[in-house]
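Asker: What follows is a structure written as C-alpha coordinates; I'll ask about it next.
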Amino acid sequence: MSTFADPRLSIPTPPQTEDESTHKSAAAATATGKQARTAGTKSAHADDNLADNYVQRMLQKPDDLPPIRLSNIFNEIQWVSTIVLTTTPLLAIYGICTTPLQAKTFAWSFVYYFLTGLGITAGYHRLWAHRAYKASTPLQYFLAFMGTGAVEGSIHWWARGHRAHHRYTDTDLDPYGAHNGLFWSHIGWMIVKPRRKPGVADISDLRKNPVIKFQHRFYLPLILIMGFIFPTIVAGLGWNDWRGGFYYAAVARLVFVHHSTFCVNSLAHWLGEASFDNKMTPRDHFITALVTVGEGYHNFHHQFPMDYRNATRWYQYDPTKWFISAMSFLGLASHLHVFPDNEVRKGRLAMQLQKLHDDTQDIAWPTSANHLPVISWADYQSEAKTRPLIVVSGYIHDVGSFMDQHPGGRHLLQAKIGKDATTAFQGGIYDHSNAAHNLLSMMRVGVLDGGYQLAKDQLDAAAAAESGRTPDLSEADSSASEDETPGTPTEAATVAEGKKAAAAAAGSIHPKAATYVVPGEVYSIVKRGELKANRVALANGGKVGSLMWQRKPKATAAAAAS
(Lines of atoms letter the chains of each structure in order from A and count residues from 1; the text may use other names and numbers.)
(Lines give C-alpha, C1' and ligand atoms only; values in the text may rest on other atoms or scores of the structure.)
Protein backbone atom coordinates (compact mmCIF):
# COMPACT_ATOMS: atom_id res chain seq x y z
CA MET A 1 0.00 0.00 0.00
CA SER A 2 0.98 3.57 -0.52
CA THR A 3 1.14 6.07 2.25
CA PHE A 4 0.43 9.55 3.36
CA ALA A 5 2.44 12.15 1.45
CA ASP A 6 1.04 13.69 -1.72
CA PRO A 7 2.98 15.04 -4.71
CA ARG A 8 1.12 18.31 -4.28
CA LEU A 9 3.29 18.75 -1.17
CA SER A 10 6.41 18.82 -3.40
CA ILE A 11 7.53 15.32 -2.48
CA PRO A 12 9.45 13.51 -5.24
CA THR A 13 7.36 10.35 -5.16
CA PRO A 14 5.30 8.51 -7.82
CA PRO A 15 4.34 10.84 -10.70
CA GLN A 16 0.97 12.50 -11.29
CA THR A 17 0.69 12.96 -15.02
CA GLU A 18 0.48 10.46 -17.84
CA ASP A 19 3.70 11.76 -19.38
CA GLU A 20 5.47 11.45 -16.04
CA SER A 21 4.00 7.99 -15.56
CA THR A 22 5.86 6.77 -18.61
CA HIS A 23 9.00 8.25 -17.06
CA LYS A 24 10.53 8.74 -20.49
CA SER A 25 12.90 5.96 -19.47
CA ALA A 26 10.21 3.43 -20.28
CA ALA A 27 9.74 5.04 -23.68
CA ALA A 28 13.49 4.91 -24.24
CA ALA A 29 13.32 1.18 -23.57
CA THR A 30 10.85 0.67 -26.42
CA ALA A 31 11.47 1.46 -30.05
CA THR A 32 7.74 1.40 -30.67
CA GLY A 33 7.25 4.15 -28.14
CA LYS A 34 9.82 6.31 -29.86
CA GLN A 35 8.12 5.89 -33.20
CA ALA A 36 4.78 6.76 -31.67
CA ARG A 37 6.09 10.00 -30.21
CA THR A 38 7.89 10.85 -33.44
CA ALA A 39 4.62 10.48 -35.29
CA GLY A 40 2.99 12.83 -32.79
CA THR A 41 0.58 10.21 -31.41
CA LYS A 42 -0.20 9.55 -27.79
CA SER A 43 -0.95 6.11 -26.36
CA ALA A 44 -4.25 5.57 -24.58
CA HIS A 45 -2.44 3.77 -21.76
CA ALA A 46 0.91 4.39 -20.14
CA ASP A 47 1.97 0.80 -20.68
CA ASP A 48 0.82 0.34 -24.29
CA ASN A 49 4.29 0.33 -25.79
CA LEU A 50 6.46 -1.34 -23.19
CA ALA A 51 9.11 -3.70 -24.48
CA ASP A 52 8.81 -7.33 -23.46
CA ASN A 53 12.00 -7.04 -21.43
CA TYR A 54 11.07 -3.68 -19.89
CA VAL A 55 11.63 -4.77 -16.28
CA GLN A 56 15.03 -6.27 -16.97
CA ARG A 57 16.22 -3.26 -18.94
CA MET A 58 15.01 -0.79 -16.32
CA LEU A 59 16.67 -2.69 -13.49
CA GLN A 60 19.95 -2.78 -15.40
CA LYS A 61 20.00 1.01 -15.67
CA PRO A 62 21.86 2.99 -12.99
CA ASP A 63 19.86 4.63 -10.23
CA ASP A 64 18.27 7.98 -10.99
CA LEU A 65 19.77 9.50 -7.85
CA PRO A 66 23.27 9.12 -6.43
CA PRO A 67 24.01 7.02 -3.31
CA ILE A 68 23.22 8.67 0.01
CA ARG A 69 26.27 10.01 1.84
CA LEU A 70 26.83 12.36 4.72
CA SER A 71 27.65 15.10 2.24
CA ASN A 72 24.25 14.95 0.50
CA ILE A 73 21.94 13.45 3.12
CA PHE A 74 20.05 16.71 3.75
CA ASN A 75 19.26 17.00 0.06
CA GLU A 76 18.03 13.41 -0.11
CA ILE A 77 15.51 13.61 2.70
CA GLN A 78 11.83 14.13 1.90
CA TRP A 79 11.37 16.90 4.41
CA VAL A 80 7.61 17.43 4.26
CA SER A 81 6.69 13.80 4.89
CA THR A 82 9.52 13.41 7.41
CA ILE A 83 8.30 16.41 9.43
CA VAL A 84 4.70 15.20 9.38
CA LEU A 85 5.61 11.63 10.30
CA THR A 86 7.74 12.75 13.22
CA THR A 87 5.72 15.70 14.58
CA THR A 88 2.32 13.99 14.64
CA PRO A 89 3.46 11.24 17.05
CA LEU A 90 5.17 13.83 19.26
CA LEU A 91 2.06 16.01 19.21
CA ALA A 92 -0.11 12.99 20.05
CA ILE A 93 2.12 12.08 23.00
CA TYR A 94 1.96 15.64 24.28
CA GLY A 95 -1.83 15.69 23.97
CA ILE A 96 -2.24 12.35 25.71
CA CYS A 97 -0.07 13.53 28.61
CA THR A 98 -1.89 16.85 29.02
CA THR A 99 -5.48 16.10 28.04
CA PRO A 100 -7.88 13.85 29.99
CA LEU A 101 -9.51 11.21 27.78
CA GLN A 102 -13.27 11.18 27.94
CA ALA A 103 -15.22 8.00 27.12
CA LYS A 104 -17.17 9.70 24.34
CA THR A 105 -13.99 11.07 22.80
CA PHE A 106 -12.37 7.65 22.92
CA ALA A 107 -15.40 6.08 21.22
CA TRP A 108 -15.45 8.79 18.55
CA SER A 109 -11.71 8.45 17.96
CA PHE A 110 -12.08 4.70 17.46
CA VAL A 111 -15.07 5.09 15.12
CA TYR A 112 -13.32 7.75 13.05
CA TYR A 113 -10.16 5.63 12.95
CA PHE A 114 -12.22 2.79 11.54
CA LEU A 115 -14.07 4.98 9.04
CA THR A 116 -10.91 6.63 7.71
CA GLY A 117 -9.27 3.21 7.62
CA LEU A 118 -12.13 1.93 5.47
CA GLY A 119 -11.65 4.94 3.23
CA ILE A 120 -8.18 3.55 2.49
CA THR A 121 -8.91 -0.20 2.41
CA ALA A 122 -12.36 -0.22 0.76
CA GLY A 123 -11.84 2.94 -1.26
CA TYR A 124 -8.25 3.75 -2.21
CA HIS A 125 -7.18 0.12 -2.23
CA ARG A 126 -9.86 -2.31 -3.34
CA LEU A 127 -12.10 0.07 -5.30
CA TRP A 128 -9.72 2.41 -7.10
CA ALA A 129 -6.33 0.68 -7.09
CA HIS A 130 -7.71 -2.79 -7.96
CA ARG A 131 -11.22 -2.18 -9.32
CA ALA A 132 -12.43 -5.10 -7.23
CA TYR A 133 -16.03 -3.82 -7.32
CA LYS A 134 -18.11 -0.91 -8.54
CA ALA A 135 -19.43 1.75 -6.18
CA SER A 136 -22.29 4.17 -6.57
CA THR A 137 -21.48 7.89 -6.69
CA PRO A 138 -22.60 8.53 -3.06
CA LEU A 139 -20.44 5.66 -1.83
CA GLN A 140 -17.48 6.91 -3.86
CA TYR A 141 -17.72 10.37 -2.32
CA PHE A 142 -18.05 8.87 1.16
CA LEU A 143 -14.94 6.72 0.67
CA ALA A 144 -13.05 9.61 -0.91
CA PHE A 145 -13.75 11.90 2.04
CA MET A 146 -12.93 9.22 4.59
CA GLY A 147 -9.73 8.34 2.75
CA THR A 148 -8.79 12.00 2.71
CA GLY A 149 -9.18 12.01 6.49
CA ALA A 150 -6.40 9.40 6.65
CA VAL A 151 -4.03 11.96 5.06
CA GLU A 152 -2.21 9.45 2.88
CA GLY A 153 -2.17 11.31 -0.42
CA SER A 154 -4.74 11.73 -3.15
CA ILE A 155 -6.46 8.72 -4.71
CA HIS A 156 -4.75 9.50 -8.01
CA TRP A 157 -1.27 9.39 -6.49
CA TRP A 158 -1.94 6.56 -4.02
CA ALA A 159 -3.46 4.15 -6.55
CA ARG A 160 -0.73 4.80 -9.11
CA GLY A 161 1.98 3.87 -6.61
CA HIS A 162 0.07 0.82 -5.44
CA ARG A 163 -0.41 -0.50 -8.96
CA ALA A 164 3.34 -0.21 -9.45
CA HIS A 165 3.84 -2.09 -6.19
CA HIS A 166 1.79 -5.04 -7.45
CA ARG A 167 3.27 -4.99 -10.90
CA TYR A 168 6.90 -4.93 -9.75
CA THR A 169 6.68 -6.56 -6.31
CA ASP A 170 10.05 -7.14 -4.64
CA THR A 171 12.06 -5.34 -7.31
CA ASP A 172 13.64 -1.89 -7.34
CA LEU A 173 10.74 -0.71 -9.50
CA ASP A 174 8.45 -1.35 -6.50
CA PRO A 175 8.14 2.03 -4.70
CA TYR A 176 8.16 0.36 -1.28
CA GLY A 177 9.64 -3.05 -1.98
CA ALA A 178 9.86 -5.33 1.05
CA HIS A 179 13.10 -6.79 -0.30
CA ASN A 180 14.82 -3.61 0.94
CA GLY A 181 13.98 -4.41 4.55
CA LEU A 182 11.24 -3.99 7.11
CA PHE A 183 12.06 -0.38 8.01
CA TRP A 184 12.27 0.73 4.38
CA SER A 185 8.93 -0.80 3.40
CA HIS A 186 7.24 0.55 6.51
CA ILE A 187 8.38 4.16 6.57
CA GLY A 188 11.89 4.56 5.17
CA TRP A 189 10.76 5.07 1.59
CA MET A 190 8.87 8.21 2.70
CA ILE A 191 11.79 9.65 4.62
CA VAL A 192 14.48 9.27 1.95
CA LYS A 193 14.00 10.00 -1.73
CA PRO A 194 13.86 6.71 -3.69
CA ARG A 195 16.99 6.03 -5.70
CA ARG A 196 14.97 5.29 -8.81
CA LYS A 197 11.45 6.05 -10.04
CA PRO A 198 8.76 3.40 -9.72
CA GLY A 199 7.93 1.31 -12.77
CA VAL A 200 5.27 2.28 -15.28
CA ALA A 201 1.66 1.76 -14.19
CA ASP A 202 -1.42 2.75 -16.15
CA ILE A 203 -3.94 5.04 -14.42
CA SER A 204 -5.96 6.18 -17.44
CA ASP A 205 -9.17 4.94 -15.78
CA LEU A 206 -8.53 7.04 -12.67
CA ARG A 207 -7.94 10.15 -14.76
CA LYS A 208 -11.52 9.93 -16.07
CA ASN A 209 -13.21 9.55 -12.68
CA PRO A 210 -14.92 12.81 -11.57
CA VAL A 211 -14.72 11.91 -7.86
CA ILE A 212 -10.97 11.34 -8.10
CA LYS A 213 -10.50 14.52 -10.11
CA PHE A 214 -12.45 16.53 -7.52
CA GLN A 215 -10.48 15.11 -4.60
CA HIS A 216 -7.13 15.60 -6.34
CA ARG A 217 -7.94 19.22 -7.18
CA PHE A 218 -8.99 20.20 -3.65
CA TYR A 219 -6.77 17.76 -1.75
CA LEU A 220 -4.91 20.29 0.44
CA PRO A 221 -8.00 21.99 1.96
CA LEU A 222 -9.73 18.60 2.22
CA ILE A 223 -6.98 17.05 4.37
CA LEU A 224 -7.19 19.99 6.78
CA ILE A 225 -10.98 19.64 6.99
CA MET A 226 -11.28 15.83 7.14
CA GLY A 227 -8.01 15.14 8.91
CA PHE A 228 -8.16 17.72 11.69
CA ILE A 229 -11.13 20.12 11.68
CA PHE A 230 -14.01 17.66 11.28
CA PRO A 231 -13.03 15.21 14.05
CA THR A 232 -12.34 18.14 16.41
CA ILE A 233 -15.70 19.82 15.68
CA VAL A 234 -17.65 16.59 16.29
CA ALA A 235 -16.14 16.20 19.77
CA GLY A 236 -16.35 19.96 20.48
CA LEU A 237 -19.95 20.50 19.45
CA GLY A 238 -21.06 17.06 20.57
CA TRP A 239 -19.83 17.02 24.20
CA ASN A 240 -17.66 20.14 24.50
CA ASP A 241 -14.33 18.32 24.34
CA TRP A 242 -12.51 20.47 21.80
CA ARG A 243 -9.06 19.72 23.11
CA GLY A 244 -9.71 15.98 23.29
CA GLY A 245 -11.24 16.03 19.85
CA PHE A 246 -8.08 17.57 18.42
CA TYR A 247 -5.47 15.52 20.24
CA TYR A 248 -7.26 12.16 20.28
CA ALA A 249 -9.74 12.04 17.39
CA ALA A 250 -7.54 14.02 15.01
CA VAL A 251 -3.83 13.70 15.81
CA ALA A 252 -3.54 10.40 17.74
CA ARG A 253 -6.09 8.76 15.47
CA LEU A 254 -4.09 9.91 12.45
CA VAL A 255 -0.89 8.32 13.80
CA PHE A 256 -2.68 4.99 14.24
CA VAL A 257 -4.21 5.15 10.76
CA HIS A 258 -0.84 5.94 9.21
CA HIS A 259 0.96 3.02 10.78
CA SER A 260 -2.01 0.73 10.21
CA THR A 261 -1.59 1.36 6.50
CA PHE A 262 2.19 1.19 6.66
CA CYS A 263 1.92 -2.30 8.20
CA VAL A 264 0.41 -3.56 4.95
CA ASN A 265 3.65 -2.60 3.20
CA SER A 266 5.90 -4.02 5.91
CA LEU A 267 4.31 -6.44 8.37
CA ALA A 268 2.17 -8.10 5.71
CA HIS A 269 5.34 -8.91 3.77
CA TRP A 270 7.17 -10.27 6.79
CA LEU A 271 4.85 -12.00 9.28
CA GLY A 272 2.80 -15.10 8.51
CA GLU A 273 2.49 -17.87 5.97
CA ALA A 274 2.68 -18.08 2.21
CA SER A 275 -0.70 -19.80 1.90
CA PHE A 276 -1.03 -19.57 -1.88
CA ASP A 277 2.43 -18.86 -3.30
CA ASN A 278 5.93 -18.40 -1.89
CA LYS A 279 7.53 -16.80 -4.91
CA MET A 280 7.32 -13.32 -3.35
CA THR A 281 7.23 -11.80 0.13
CA PRO A 282 3.48 -11.27 0.87
CA ARG A 283 2.22 -13.30 3.83
CA ASP A 284 -1.07 -14.12 5.57
CA HIS A 285 -1.52 -13.49 9.28
CA PHE A 286 -4.37 -12.68 11.65
CA ILE A 287 -2.38 -10.08 13.60
CA THR A 288 -1.69 -8.09 10.45
CA ALA A 289 -5.38 -8.28 9.55
CA LEU A 290 -6.28 -7.01 13.02
CA VAL A 291 -4.13 -3.88 12.77
CA THR A 292 -4.92 -3.09 9.11
CA VAL A 293 -8.74 -3.25 9.02
CA GLY A 294 -8.66 -6.65 7.35
CA GLU A 295 -5.72 -6.34 4.94
CA GLY A 296 -3.64 -9.04 6.66
CA TYR A 297 -4.26 -11.95 4.32
CA HIS A 298 -1.82 -10.40 1.93
CA ASN A 299 -0.53 -13.54 0.24
CA PHE A 300 -4.06 -14.22 -0.98
CA HIS A 301 -4.40 -10.61 -2.07
CA HIS A 302 -1.23 -10.64 -4.19
CA GLN A 303 -2.35 -13.84 -5.87
CA PHE A 304 -5.91 -12.62 -6.51
CA PRO A 305 -5.63 -8.80 -6.42
CA MET A 306 -8.99 -8.07 -8.10
CA ASP A 307 -10.92 -10.16 -5.58
CA TYR A 308 -12.91 -7.83 -3.32
CA ARG A 309 -12.01 -10.10 -0.40
CA ASN A 310 -8.74 -10.43 1.47
CA ALA A 311 -10.00 -13.38 3.48
CA THR A 312 -12.03 -16.30 2.17
CA ARG A 313 -12.78 -18.20 5.38
CA TRP A 314 -15.79 -17.14 7.43
CA TYR A 315 -13.70 -16.91 10.60
CA GLN A 316 -10.91 -14.78 9.09
CA TYR A 317 -10.97 -11.12 10.11
CA ASP A 318 -11.74 -8.88 7.14
CA PRO A 319 -14.11 -6.03 8.08
CA THR A 320 -13.42 -4.35 4.74
CA LYS A 321 -14.94 -7.35 2.99
CA TRP A 322 -17.93 -7.23 5.32
CA PHE A 323 -18.37 -3.51 4.63
CA ILE A 324 -18.30 -4.01 0.86
CA SER A 325 -20.78 -6.89 1.16
CA ALA A 326 -23.08 -4.70 3.25
CA MET A 327 -22.88 -1.91 0.66
CA SER A 328 -23.76 -4.45 -2.02
CA PHE A 329 -26.76 -5.59 0.02
CA LEU A 330 -27.90 -1.96 0.29
CA GLY A 331 -27.51 -1.45 -3.44
CA LEU A 332 -24.58 0.97 -3.13
CA ALA A 333 -21.99 -1.44 -4.54
CA SER A 334 -22.12 -3.98 -7.35
CA HIS A 335 -20.03 -6.28 -9.55
CA LEU A 336 -18.08 -7.67 -6.61
CA HIS A 337 -15.22 -9.63 -8.18
CA VAL A 338 -14.61 -13.10 -6.75
CA PHE A 339 -11.88 -15.31 -8.12
CA PRO A 340 -13.01 -18.85 -9.05
CA ASP A 341 -13.07 -21.03 -5.96
CA ASN A 342 -11.40 -23.87 -7.85
CA GLU A 343 -8.33 -21.73 -8.52
CA VAL A 344 -8.23 -20.47 -4.93
CA ARG A 345 -8.33 -24.04 -3.63
CA LYS A 346 -5.77 -25.09 -6.21
CA GLY A 347 -3.35 -22.42 -5.03
CA ARG A 348 -3.81 -23.37 -1.39
CA LEU A 349 -3.39 -27.08 -2.17
CA ALA A 350 -0.21 -26.44 -4.18
CA MET A 351 1.43 -24.82 -1.15
CA GLN A 352 0.23 -27.58 1.16
CA LEU A 353 1.72 -30.19 -1.15
CA GLN A 354 4.97 -28.26 -1.35
CA LYS A 355 5.13 -28.07 2.43
CA LEU A 356 4.52 -31.80 2.68
CA HIS A 357 7.26 -32.38 0.13
CA ASP A 358 9.64 -30.19 2.12
CA ASP A 359 8.75 -32.05 5.31
CA THR A 360 9.57 -35.40 3.71
CA GLN A 361 13.16 -34.25 3.12
CA ASP A 362 13.81 -34.52 6.86
CA ILE A 363 12.33 -38.01 7.17
CA ALA A 364 14.35 -41.22 6.81
CA TRP A 365 12.65 -43.68 4.48
CA PRO A 366 13.25 -47.42 4.08
CA THR A 367 15.66 -48.66 1.47
CA SER A 368 13.94 -49.22 -1.87
CA ALA A 369 13.48 -52.78 -3.05
CA ASN A 370 15.55 -51.85 -6.09
CA HIS A 371 18.57 -51.30 -3.86
CA LEU A 372 18.28 -54.46 -1.77
CA PRO A 373 19.87 -57.84 -2.58
CA VAL A 374 17.52 -60.61 -3.75
CA ILE A 375 18.02 -63.65 -1.55
CA SER A 376 16.78 -67.18 -2.17
CA TRP A 377 14.79 -69.01 0.46
CA ALA A 378 17.64 -71.45 1.09
CA ASP A 379 20.19 -68.68 1.48
CA TYR A 380 17.83 -66.80 3.77
CA GLN A 381 17.43 -69.79 6.08
CA SER A 382 21.15 -70.38 6.06
CA GLU A 383 21.90 -66.78 6.93
CA ALA A 384 19.22 -66.77 9.65
CA LYS A 385 21.23 -69.34 11.60
CA THR A 386 23.71 -66.61 12.54
CA ARG A 387 21.53 -63.47 12.29
CA PRO A 388 18.04 -62.65 13.63
CA LEU A 389 16.36 -62.50 10.21
CA ILE A 390 12.60 -62.62 9.69
CA VAL A 391 10.58 -62.47 6.46
CA VAL A 392 7.46 -60.29 6.36
CA SER A 393 5.69 -59.41 3.11
CA GLY A 394 8.56 -60.64 0.99
CA TYR A 395 11.19 -58.48 2.69
CA ILE A 396 13.96 -59.91 4.84
CA HIS A 397 14.36 -57.91 8.05
CA ASP A 398 17.21 -57.90 10.58
CA VAL A 399 15.37 -57.46 13.88
CA GLY A 400 18.43 -57.73 16.12
CA SER A 401 18.20 -54.14 17.36
CA PHE A 402 14.50 -54.53 18.16
CA MET A 403 14.45 -57.89 19.92
CA ASP A 404 14.44 -56.45 23.44
CA GLN A 405 12.07 -53.60 22.50
CA HIS A 406 9.29 -55.70 21.02
CA PRO A 407 6.10 -54.99 23.02
CA GLY A 408 5.05 -58.64 22.88
CA GLY A 409 8.37 -59.87 24.16
CA ARG A 410 11.62 -61.14 22.70
CA HIS A 411 10.38 -64.71 22.52
CA LEU A 412 7.78 -63.92 19.81
CA LEU A 413 10.45 -62.62 17.44
CA GLN A 414 12.84 -65.39 18.38
CA ALA A 415 10.24 -67.94 17.33
CA LYS A 416 9.97 -66.44 13.80
CA ILE A 417 13.67 -66.21 12.95
CA GLY A 418 14.31 -67.98 9.65
CA LYS A 419 10.61 -68.20 8.88
CA ASP A 420 7.92 -66.26 6.99
CA ALA A 421 5.96 -64.28 9.56
CA THR A 422 3.70 -62.42 7.12
CA THR A 423 0.36 -63.88 8.22
CA ALA A 424 1.25 -63.67 11.91
CA PHE A 425 2.35 -60.03 11.52
CA GLN A 426 -0.74 -58.97 9.60
CA GLY A 427 -3.39 -60.31 11.89
CA GLY A 428 -2.80 -64.04 12.29
CA ILE A 429 -1.38 -63.42 15.75
CA TYR A 430 -1.56 -59.65 15.96
CA ASP A 431 -2.78 -57.05 13.46
CA HIS A 432 0.09 -54.57 13.68
CA SER A 433 -0.42 -50.83 13.34
CA ASN A 434 0.80 -48.61 10.53
CA ALA A 435 3.53 -47.38 12.88
CA ALA A 436 4.69 -50.97 13.33
CA HIS A 437 4.80 -51.41 9.55
CA ASN A 438 6.87 -48.25 9.22
CA LEU A 439 9.26 -49.30 11.97
CA LEU A 440 9.69 -52.75 10.49
CA SER A 441 10.40 -51.33 7.04
CA MET A 442 13.49 -49.56 8.42
CA MET A 443 14.98 -52.97 9.27
CA ARG A 444 14.99 -54.30 5.69
CA VAL A 445 18.17 -55.97 4.53
CA GLY A 446 16.99 -57.94 1.52
CA VAL A 447 14.19 -59.15 -0.72
CA LEU A 448 13.14 -62.78 -0.77
CA ASP A 449 13.39 -64.29 -4.25
CA GLY A 450 9.83 -64.92 -5.41
CA GLY A 451 8.51 -63.25 -2.32
CA TYR A 452 7.54 -66.53 -0.70
CA GLN A 453 9.04 -69.76 0.56
CA LEU A 454 10.48 -70.62 -2.81
CA ALA A 455 11.76 -74.03 -1.80
CA LYS A 456 8.38 -75.07 -0.44
CA ASP A 457 6.64 -73.73 -3.53
CA GLN A 458 8.84 -75.86 -5.74
CA LEU A 459 8.00 -78.96 -3.73
CA ASP A 460 4.29 -78.17 -3.95
CA ALA A 461 4.57 -77.62 -7.69
CA ALA A 462 6.35 -80.96 -8.17
CA ALA A 463 3.74 -82.81 -6.10
CA ALA A 464 0.96 -81.11 -8.03
CA ALA A 465 2.53 -82.10 -11.33
CA GLU A 466 2.58 -85.73 -10.26
CA SER A 467 -1.04 -85.65 -9.10
CA GLY A 468 -2.21 -83.59 -12.08
CA ARG A 469 -3.78 -80.82 -9.99
CA THR A 470 -3.06 -77.15 -9.32
CA PRO A 471 -1.49 -76.54 -5.89
CA ASP A 472 -3.74 -74.65 -3.51
CA LEU A 473 -1.78 -71.99 -1.70
CA SER A 474 -4.21 -72.21 1.17
CA GLU A 475 -2.67 -75.61 1.87
CA ALA A 476 0.75 -73.96 2.06
CA ASP A 477 -0.21 -72.73 5.47
CA SER A 478 2.07 -71.23 8.04
CA SER A 479 2.88 -74.53 9.76
CA ALA A 480 6.34 -74.78 8.20
CA SER A 481 7.12 -71.11 7.98
CA GLU A 482 5.20 -69.07 10.53
CA ASP A 483 4.45 -71.53 13.31
CA GLU A 484 6.81 -73.56 15.37
CA THR A 485 6.87 -77.30 14.63
CA PRO A 486 4.21 -78.77 16.90
CA GLY A 487 5.90 -79.75 20.13
CA THR A 488 3.18 -82.10 21.41
CA PRO A 489 1.01 -84.83 19.88
CA THR A 490 -2.03 -82.69 20.58
CA GLU A 491 -0.63 -79.78 18.59
CA ALA A 492 0.40 -82.14 15.77
CA ALA A 493 -3.10 -83.57 15.64
CA THR A 494 -4.58 -80.08 15.57
CA VAL A 495 -2.39 -79.08 12.63
CA ALA A 496 -3.19 -82.29 10.79
CA GLU A 497 -6.91 -81.74 11.25
CA GLY A 498 -6.49 -78.16 9.99
CA LYS A 499 -4.78 -79.39 6.84
CA LYS A 500 -7.51 -81.93 6.23
CA ALA A 501 -10.16 -79.25 6.67
CA ALA A 502 -8.31 -76.96 4.27
CA ALA A 503 -8.06 -79.71 1.69
CA ALA A 504 -11.75 -80.50 2.06
CA ALA A 505 -12.57 -76.80 1.59
CA ALA A 506 -10.45 -76.43 -1.54
CA GLY A 507 -11.94 -73.76 -3.74
CA SER A 508 -13.88 -72.15 -0.90
CA ILE A 509 -13.37 -68.47 -0.12
CA HIS A 510 -12.05 -67.13 3.14
CA PRO A 511 -14.71 -64.89 4.74
CA LYS A 512 -12.30 -61.91 4.80
CA ALA A 513 -11.13 -62.32 1.23
CA ALA A 514 -13.70 -59.91 -0.22
CA THR A 515 -12.36 -56.92 1.68
CA TYR A 516 -8.88 -57.84 2.83
CA VAL A 517 -6.00 -55.89 1.30
CA VAL A 518 -2.49 -56.69 2.46
CA PRO A 519 -0.47 -53.53 3.19
CA GLY A 520 3.06 -53.05 1.94
CA GLU A 521 4.59 -51.48 -1.12
CA VAL A 522 5.76 -54.80 -2.58
CA TYR A 523 2.17 -55.92 -2.85
CA SER A 524 0.16 -54.73 -5.85
CA ILE A 525 -2.43 -52.91 -3.79
CA VAL A 526 -5.57 -51.60 -5.45
CA LYS A 527 -8.02 -49.31 -3.65
CA ARG A 528 -10.90 -51.21 -2.18
CA GLY A 529 -13.35 -48.81 -3.75
CA GLU A 530 -12.10 -49.80 -7.18
CA LEU A 531 -11.34 -53.44 -6.52
CA LYS A 532 -14.37 -54.43 -4.42
CA ALA A 533 -12.53 -57.64 -3.62
CA ASN A 534 -9.03 -58.88 -3.10
CA ARG A 535 -8.49 -60.70 -6.39
CA VAL A 536 -5.27 -62.31 -5.29
CA ALA A 537 -6.80 -63.66 -2.10
CA LEU A 538 -9.79 -64.93 -4.06
CA ALA A 539 -7.53 -66.61 -6.60
CA ASN A 540 -5.55 -68.31 -3.88
CA GLY A 541 -8.33 -69.82 -1.87
CA GLY A 542 -9.03 -66.76 0.22
CA LYS A 543 -5.95 -67.15 2.37
CA VAL A 544 -5.42 -64.00 4.41
CA GLY A 545 -1.90 -62.81 3.71
CA SER A 546 -1.76 -64.77 0.47
CA LEU A 547 1.19 -64.41 -1.85
CA MET A 548 0.86 -61.57 -4.32
CA TRP A 549 3.91 -62.13 -6.47
CA GLN A 550 3.51 -64.05 -9.68
CA ARG A 551 6.12 -66.79 -9.99
CA LYS A 552 7.82 -67.05 -13.34
CA PRO A 553 6.83 -70.09 -15.42
CA LYS A 554 9.55 -72.75 -15.55
CA ALA A 555 10.19 -72.05 -19.21
CA THR A 556 10.71 -68.34 -18.53
CA ALA A 557 12.93 -69.07 -15.57
CA ALA A 558 14.98 -71.52 -17.60
CA ALA A 559 15.34 -69.03 -20.42
CA ALA A 560 16.43 -66.35 -17.96
CA ALA A 561 18.99 -68.72 -16.44
CA SER A 562 20.45 -69.54 -19.86
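In case you wondered, yes, glycine gets a Cβ from its N, Cα and C as well.
Heads up, TrEMBL stuff is auto-annotated, nobody curated it.
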Asker: State the residue range annotated as transmembrane segment by TrEMBL; the candidates are 139-159, 496-516.
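Answerer: Range annotated as transmembrane segment by TrEMBL: 139-159.
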Asker: Quick one: which of 109-127, 318-336 does TrEMBL have down as transmembrane segment?
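Answerer: TrEMBL lists transmembrane segment for residues 109-127.
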Asker: Between the candidate ranges 77-97, 245-265, where does TrEMBL place the transmembrane segment annotation?
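Answerer: Residues 77-97 are the ones TrEMBL records as transmembrane segment.
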Asker: Using a Cβ-Cβ cut-off of under 8 Å, list the residues of the same chain that are 6+ residues beyond the ends of the transmembrane segment (218-239) and lie near it.
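Answerer: Those are 6, 8-9, 102, 104-105, 108-109, 112, 116, 145-146, 148-151, 154, 245-246, 248-251, 253-254, in sequence order.
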Asker: Over the domain 'Cytochrome b5 heme-binding' (378-449), what is the model's mean pLDDT?
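Answerer: Its mean pLDDT is 91.
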